[in-house]
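S.K.: The structure's right below; bear with me while I get my questions together.
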Amino acid sequence: MSRRGETTEETSRASAPTQANVTDQPKRMKVIRVVYLIAALDITWMFLQFSVTPYLAKKLGFDTLWMGYLQTMVGVIQLVGGPMFGRFADIFGARAALSLACSATVVFFLLLAMAGSPAMLFIHKLPTVFMHVLPASQMVVADLSEPEKRADALSKLGLCFGVGMIAGSTLGGHLNTRYGETFTASFGAVGSAFSLLLVLKFIPKTTKVQAPTTNTDSENKSKSVFNLGEITRLMKFPGVKRTFLVKIVAGLPSGIFQVMFSIIAMDFFKLQPEQNGYLMAYFGIASMVVQGGVIGRLTARYSENSLLLLSIGVSSLVGLAQANMQNVFQFCLIVVPMVFSLSVFNVITDSMLTKSVPSSDTGTMMGLCASVQSLLRTVGPTAGGFLYVNYGISSIGLMQFVVNIAVFVHLLQRSLKKTDVQKE
């Protein structure tokens, strides 16, 4: 058997649901449901924070450029922390990883509540190096789900994202308007502490395929969390490098728009905190419909490569629409196809990547996926701030259109060549 065949066989075996610590289907489903709840709560606290930070920064004298620096700092920190956190999760297990992430979120909100100066606003971002609840949740779901149902299971985390977006945006807008930034941040700290209790109560120590033997355990833990070789090794699996490149290039323009949205909402749409909360809630409803009711049906009927092409094609049209929008009503019309393209793109690429590696490495892979988002958040604020200030909001949309059309054409040509080779 060829090396490629061995790798495929190893990946297939490793992708099977765990049988060691979560031994049967009811237990697996219980853990997955609790993980969905933890993810929904984490997204709630994240969007609660989005109702605080931009307005607090404005009070402290931050302009668009300095807001870009603040977001870039978060991107850099999480870019470094994502792969390391994923490696930590693979070595020490789901419970330790989620506990670390939730604890960091508690500290994050406590520092935000105390932020009364520009320096403190930067300092409160430091715990984000460990704040990777969503990648850890994705790891658990990938470990416990059947390979053929993985995209659907991961899309349900997107449904949790929609629920959290609605709850967090609405709650954050109301609390910030009525009680101020300090109370809202303190509320987030209490909520994050509750998430931590759920982790300690319900999440098993590990969700990997086999309970490791003593020798294997000793060997695994002797490998450092900071071992870059173990992280970059995953790029050698078939298809991983190409999928990662597509994830970065096609995701960059939409990532720029996302990180700039808080600025666009305040400066271009002139929205107040409560109005911004309603708009984010609308985002959440659209996300829930797409990820809860659409993606599962699509993955059951169409191949992942076809859905990847579809998402990139739709994203290019969304960019063209963004380049021509003039008000918040027009933006609301664009939201549905935007959410559709983003949701399908992220779910499909994550599913393809986790299927390409053994189950023992899904945490590291999810950490690398998170680092892609962090890379976009690192480059996005600076690039987005430059484009927005100098060329206006239309430049961001036009860039998304051009880049995604180019990626779409490349992937389509590649797909057609494969079809021709198979016919021959």
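A Cβ is built for glycine as well, from the same backbone N, Cα and C atoms used for every other residue.
Per TrEMBL, compositional bias 'Basic and acidic residues' is recorded for 1-12. Summarising the annotation, TrEMBL assigns compositional bias 'Polar residues' to 13-22. Taken from TrEMBL, the feature domain 'Major facilitator superfamily (MFS) profile' covers 28-418. Annotation comment: TrEMBL describes 1-22 as region 'Disordered'. Annotation comment: TrEMBL describes 34-52, 64-85, 97-116, 183-203, 244-266, 278-298, 328-348, 388-412 as transmembrane segment.
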S.K.: Can you give the mean pLDDT for the domain 'Major facilitator superfamily (MFS) profile' (28-418), rounded to a whole number?
M.R.: 85
S.K.: Residues of the same chain, at least six outside the transmembrane segment (97-116), with any C-beta under 8 angstroms of its C-beta?
M.R.: 38, 42, 45, 49, 52-53, 56, 85, 88-89, 123-133, 136-137, 139-140, 181-182, 185-186, 188-189, 192-193, 195-196, 199-200, 203, 363
S.K.: Verify whether three or more Cβ pairs under 8 angstroms connect the transmembrane segment (244-266) with the transmembrane segment (388-412), leaving out any pair fewer than 6 apart in sequence.
M.R.: yes
S.K.: Please indicate, using numbers and ranges, the residues of the same chain that are 6 or more beyond the transmembrane segment (34-52) and have a C-beta under 8 Å from a C-beta there.
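M.R.: Tertiary neighbours of the transmembrane segment (34-52) are 98, 101-102, 105, 108-109, 112, 133-134, 137, 140-141, 156-157, 159-161, 163-165, 167-169, 171-173, 175-176, 181, 184-185, 187-188, 191-192, 194-195, 198-199, 202-203, 262, 273, 276-277, 280.
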